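What TrEMBL annotates here:
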- 11-91: domain 'Prepilin peptidase A24 N-terminal' (DOMAIN)
- 104-207: domain 'Prepilin type IV endopeptidase peptidase' (DOMAIN)
- 6-23: transmembrane segment (TRANSMEM)
- 74-93: transmembrane segment (TRANSMEM)
- 99-116: transmembrane segment (TRANSMEM)
- 123-141: transmembrane segment (TRANSMEM)
- 147-167: transmembrane segment (TRANSMEM)
- 179-212: transmembrane segment (TRANSMEM)
- 224-247: transmembrane segment (TRANSMEM)
Amino acid sequence: MDAAVGAYLFVLGLVLGSFYNVVGLRLPRGESVIYPPSSCGSCGMRLRARHLVPVFSYIASRGRCGGCRAKISLLYPAGELATGLLFVWVYSLHGVSEGLWTGLLLVSLSVMVTIADLKYMLIPNKLLLLFLVPLVAAVSFTSELPLWNHALGALTGGAVLLLIVIVSKGGMGMGDVKLFALLGWVLGLPLVLLALIMACLAGTVIGGTLLLTGHIQRKQPVPFGPFLAVGALAAYGYGAAIVDWYITLFI
């Protein structure tokens, strides 16, 4: 892995992560992601350039608005840092190759979905449509698997989540169904099923921890989109190795 390319992608991820925060927070409210300029959610002070440096502005301000001193959500620097680190992670998997673009698109979708779902318990159709054509095109031109495998992955992902929605009677939203169908297209079979298993494991561990520590209450709704994103990224990066390891246990 070339250190210079890795550093470039990390910085690019920080910058784009700042924009992904805007998209994830504004799109569910039906607002423009371009106008008006970013401002403090408490006092309305318009943010200047020095307030918009990814991660470092948050650290320099000690996580508070420069005007009213209101606390700034940790979601902002977390989204920026996660995007930067995940961009480098994708590069470590693929290097500078065609597969890099699919991975970067998947990371970008995952970050925006996570931000929107954590904040509003909503995965906007506009966000999924924004990535539909780029991801379909990227997979179509770069995947080593036949396209029918990816199509089956999309159908399987959407069908399984739809079944869960029906059985749980609203315990999961249609946004999750559409998201997982799109993730299924990227992953194909059998990785889409592995992604669901890993999402459920992550949801169980993190949800159980939050419940035990009193951060959430029993029967309190918990957004599942972030767990689907985590499961998809894990399956995307390590799914083939996990499947091979699992098969060797029985052969």
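A Cβ is built for glycine as well, from the same backbone N, Cα and C atoms used for every other residue.
Worth saying up front: this structure is predicted, and the values here are computed from it rather than measured.
With a threshold of 8 Å between CB atoms, the same-chain residues lying at least 6 positions outside the transmembrane segment (6-23) that come near it are 33, 38, 52, 54-55, 75-76, 79-88, 90-92, 107-108, 111-112, 115, 127. Counting only same-chain residues 6+ beyond the ends of the transmembrane segment (179-212), those with a CB under 8 A from a CB of the stretch are 102, 106, 109, 113, 123, 128, 131-132, 135-136, 139, 143, 145, 149-158, 160-161, 218, 222, 224-225, 227-232, 234-236, 239-240, 242-243.
In this model, the domain 'Prepilin type IV endopeptidase peptidase' (104-207) carries an average pLDDT of 94.
Only residues 6 or more beyond the boundaries of the transmembrane segment (147-167), in the same chain, are considered here, and those with a CB under 8 A from a CB of the stretch are 139-140, 173-174, 176-178, 180-189, 191-193, 195-196. Beyond the transmembrane segment (99-116), the same-chain residues lying 6 or more positions past its ends with a Cβ under 8 Å from any Cβ of the stretch are 13, 16-17, 20-21, 23-25, 27-28, 75, 79, 82-83, 86-87, 89-91, 93, 122-124, 127, 131, 134-135, 138-139, 142-143, 179, 182-183, 186, 225-226, 228-230, 232-233, 236.
When DSSP labels each residue, the domain 'Prepilin peptidase A24 N-terminal' (11-91) comes out as 44 helix, 4 strand, 33 coil, counted as helix, strand and coil in that order.
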